[in-house]
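Going by Swiss-Prot, these are the annotated features:
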DISULFID  CYS7-CYS55  disulfide bond
DISULFID  CYS20-CYS32  disulfide bond
DISULFID  CYS26-CYS38  disulfide bond
DISULFID  CYS68-CYS80  disulfide bond
DISULFID  CYS74-CYS86  disulfide bond
REGION    3-41  region 'SD1'
REGION    51-89  region 'SD2'
Amino acid sequence: GSGPTYCWNEANNPGGPNRCSNNKQCDGARTCSSSGFCQGTSRKPDPGPKGPTYCWDEAKNPGGPNRCSNSKQCDGARTCSSSGFCQGTAGHAAA
């Protein structure tokens, strides 16, 4: 990863969950081991304050992927639309 607040969903990595080819494919301060697995300390479960660095996995929302009841269920600076979908720009690289 790129530091304790770096947000990356390792489950979606091209080589499979927690598999990596570089540090950017590992969450938080984790690094990619020589055997191709993410290792070390991931980000804190708390997504932090809402804004461009806010990290939230919309795929796990109760109403379904990208569905929301409030903006805290949307990644980065995205907001929840009146129709219940996350909209706008996510704040981190997506897998």
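Note that Cβ sites are derived from N, Cα and C of the backbone, with glycine treated the same way.
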Disulfide-bonded residues (CYS26, CYS86), the one with most neighbouring Cβ atoms at 10 Å: CYS26
CYS38 (disulfide bond) versus CYS32 (disulfide bond) - Cα distance in angstrom: 5
Secondary structure tally of the region 'SD2' (51-89) (DSSP, helix then strand then coil): 6 helix, 6 strand, 27 coil
Spatial separation of CYS55 (disulfide bond) from CYS74 (disulfide bond) - C-alpha basis, Å: 8
Per-region confidence, the region 'SD2' (51-89) (mean pLDDT, whole number): 91
For CYS68 (disulfide bond), the number of other Cβ atoms found within 10 Å of its own Cβ: 23
Rounded to the nearest Å - Cα separation of CYS80 (disulfide bond) and CYS20 (disulfide bond): 32
Integer Cα-Cα distance in angstrom, CYS7 (disulfide bond) to CYS26 (disulfide bond): 8
Listed in sequence order, residues with CB under 8 A of CYS38 (disulfide bond) and six or more positions away: GLU10, ASN18, ARG19, CYS20, GLN25, CYS26, ASP27, ARG30, THR31, CYS32
Integer Cα-Cα distance in angstrom, CYS55 (disulfide bond) to CYS86 (disulfide bond): 13
Where CYS32 (disulfide bond) sits in the secondary structure, as DSSP reduces it to three classes: strand
Helix, strand and coil residues within the region 'SD1' (3-41) as assigned by DSSP: 6 helix, 6 strand, 27 coil
